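Enquirer: Before I ask anything, here is the structure I am working with.
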Amino acid sequence: MDIPPLAGKIAALSLSALPVSYALNHVSALSHPLWVALMSALILGLLFVAVYSLSHGEISYDPLYAVFAVFAFTSVVDLIIALQEDGYVVGFVDFYTKEGEPYLRTAHGVFICYWDGTVHYLLYLAMAGAICRRKRYRNFGLYWLGSFAMSILVFLTGNILGKYSSEIRPAFFLTIPYLLVPCWAGVRVFSQPRAPTCCTANTVQEEQRKGLLQRPADLALVIYLILAGFFTLFRGLVVLDCPTDSCFVYIYQYEPYLRDPVAYPKVQMLMYMFYVLPFCGLAAYALTFPGCSWLPDWALVFAGAIGQAQFSHMGASMHLRTPFTYRVPEDTWGCFFVCNLLYALGPHLLAYRCLQWPAFFHQPPPSSPIALHKKQQ
């Protein structure tokens, strides 16, 4: 997978978030939630106009360029929020975290800001750079799509259902475009042509003739998917208050964060159970039976989703913003870390396997008339 150069113009524009947020933080009028929402909407609107004026050619080639440019700016803001909440910087976005979105001050909110300010930010620059140079970015787009969708779905649902539901401010409605844009962007990313592969018909046939036992890497992935599926189902039952002793022991001794009233961990486990669990079963099927051409794309989507989710979940489970009674106990920290790290690593290994050796997932080449005639004889 080729890594395109980063977009320098977008990087320079996004860094303007530093002086803008610092200046707005010292405007006394922004102490009211409504003014925070209106000013935020105005800034995003002016930013879009600036991007459109400076990069009309790139936007005409691919409208997602404007989306990546605006989201790169918000990623820098999110990174500032995370750094300020952890005490590394001061005096930048107090007005927004107090009167705009106070739930960003939770441990979960801090870690989704870290992820957005680093991983998403680099993806935006890479995809914008690919558009500038008319290169492909489909794989980056699929990974971003899964990561972004998981982040926003868990965060918005947790805000509505958790203990911060009574503190929803007008700025919350600015996140509505964050629900609509991924739908439109996902359609555009999936509609892009796949990168050509060098797999010949003979290579595809030879690879697809191998059984699962002849492909030890795939066998290991299938075993992982089965175990991950059971782990996903188990944690889903835990947050649904399953009365069994094993669930009781797990939620109190291994992951007490699942009881946190902020609701993010409960929503996260339910997302896993309803979406990741079926994917584990379908992916195991696709690794066993050849010709499932959908797996490489969806493996990237789920790798991004689970990577983002596990980063936020693991970080929030141990962060100081999480009350002590809900943090991971010191004597089970190793078990918690290993299990959750493997849960995050497996989908990335699956996506890597699909991208590097895709022959098994290609549709079987149609038999030629001559070969059919010989077979009939």
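The backbone N, Cα and C atoms fix where each Cβ goes, and this holds for glycine too.
Pasting the feature list from TrEMBL:
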type     : residues : note
DOMAIN   : 61-186   : domain 'EXPERA'
DOMAIN   : 217-351  : domain 'EXPERA'
TRANSMEM : 33-52    : transmembrane segment
TRANSMEM : 64-83    : transmembrane segment
TRANSMEM : 103-128  : transmembrane segment
TRANSMEM : 140-162  : transmembrane segment
TRANSMEM : 168-187  : transmembrane segment
TRANSMEM : 219-240  : transmembrane segment
TRANSMEM : 269-287  : transmembrane segment
Enquirer: Name the range, of those listed as 33-52, 64-83, 219-240, that has the largest tally of Cβ pairs under 8 Å with the transmembrane segment (269-287).
Expert: 219-240
Enquirer: Apart from its near flanks, which chain residues at least 6 from the ends of the transmembrane segment (103-128) lie with a Cβ under 8 angstroms of it?
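Expert: Distal contacts: 3-4, 6-7, 10-11, 14, 58, 64-65, 68-69, 71-72, 74-76, 78-82, 85-86, 96-97, 137, 140-141, 143-144, 147-148, 151, 155, 158-159, 162, 164, 167, 262, 264-265, 307-308, 311-313, 315-316, 319-322.
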Enquirer: Please give the sequence-distant neighbours of the transmembrane segment (64-83): residues at least 6 beyond its ends with Cβ less than 8 Å from one of its Cβ atoms.
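Expert: Same-chain contacts beyond the flanks: 7, 10-11, 13-18, 21, 44, 47-48, 51-52, 55, 58, 89, 92-93, 96-97, 104, 109-114, 116-118, 120-121, 124-125, 127-128, 131-132, 141, 181, 185, 188-189.
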Enquirer: Using DSSP, what is the helix/strand/coil residue split across the domain 'EXPERA' (217-351)?
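Expert: Each residue of the domain 'EXPERA' (217-351) counted once, the result is 110 helix, 0 strand, 25 coil.
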